[in-house]
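According to TrEMBL:
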| type | residues | note |
| --- | --- | --- |
| ACT_SITE | His49 | active site, proton acceptor |
| ACT_SITE | Glu80 | active site, proton acceptor |
| BINDING | Asn13, Arg24, Asp202, Gly224, His225 | 3-amino-2-oxopropyl phosphate binding site |
| BINDING | Arg51, His56, Thr110 | 1-deoxy-D-xylulose 5-phosphate binding site |
| SITE | Glu161 | site 'Transition state stabilizer' |
Amino acid sequence: MTHSSSNVALSVNVNKVALLRNSRHLGIPSVTRAAQLCLQAGAQGITIHPRPDERHIRASDVSELHALMQAWPDREFNIEGNPFHNLMDHVRAVRPHQVTFVPDSEGQFTSDHGWTFPQDAQRLKPLIDECKALGVRVSLFMDPVPEQMAAARAAGADRVELYTEPYAATWGTPDNAVQLQRYADAAQAASQAGLGLNAGHDLNRDNLPAFVTAVKGLQEVSIGHALIADALEMGYAATVQAYLACLHK
Ligand SMILES: CC(=O)[C@@H](O)[C@H](O)COP(=O)(O)O
Ligand SMILES: NCC(=O)COP(=O)(O)O
């Protein structure tokens, strides 16, 4: 996987492109085309979270994105989800570079917490072992709790993904510095435990620079909602001009 000058890789989550696509039966916007454009623009990876209800990413997207990624051997394909629901079927079928286990319930609005140790250790370990036997790196979605990091490593995880919504939600408030320190401490504990470090959820162009500066050892951020929203806004002017040109030939 290639890296930007900050050494933190950007994996673009294309869930929200699929959400828009699913509102009609026309196949637009294309999820694979969006992923291809993100890779052409320099993104180091593509992330998807195929939920059991297929509200956005569908099983067909997983195989089509897998096929696309074969043309980008230095980029990373990351699939997120609950390994006790539908995730392992996808992992066995396409063997992505990385899988991120997330403890969401079925139908959950969006991810809002990480795994808990020691409670989750015993049931996660065989699935982590299976992924690693398939050659798939395993990252566990975790709250920024330093004491949990060694247990995540003991369960066999290669990396953790720190759930960043509490940091993002306090951006611009006095509480934000306290939150940021929690992430810096969790990152240090993860590093001491021998874990690699990812982060994601509600990261955006405002809150990302301070996070990357404070959280040492960060290897990858996965960003979807804000990035796709920005892509729409940054594209309105050129798009309206293209439609006006159709009208005023
Ligand atoms: C694990 C995580 O934080 C993201 O995958 C997030 O859950 C995105 O999922 P939705 O796009 O379905 O909200
Ligand atoms: N793992 C987080 C992710 O993939 C994207 O989260 P968000 O930017 O859509 O909140």
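In case you wondered, yes, glycine gets a Cβ from its N, Cα and C as well.
Mapped onto three states, the DSSP output places Glu161 (site 'Transition state stabilizer') in strand. Asn13 (3-amino-2-oxopropyl phosphate binding site) sits 13 Å from Thr110 (1-deoxy-D-xylulose 5-phosphate binding site), taking the CA atoms of both as reference points.
For Glu80 (active site, proton acceptor), the same-chain residues lying six or more positions away in sequence with a CB closer than 8 A to its CB are Thr47, Ile48, His49, Leu87, Val99, Thr100, Phe101, Val102, Ser111, Phe141, Ser222. Proximity of Thr110 (1-deoxy-D-xylulose 5-phosphate binding site) to non-local residues of its own chain (separation of 6 or more, Cβ distance below 8 Å) is seen for His201, given in sequence order. Of the listed recorded positions, namely Arg24, His49, Arg51, His56, His225, the sparsest Cβ surroundings within 10 Å are found at Arg24. Highlighted here would be the recorded positions (Arg24, Glu161, Asp202) whose C-beta falls below 6 Å from ligand 1, but none qualifies.
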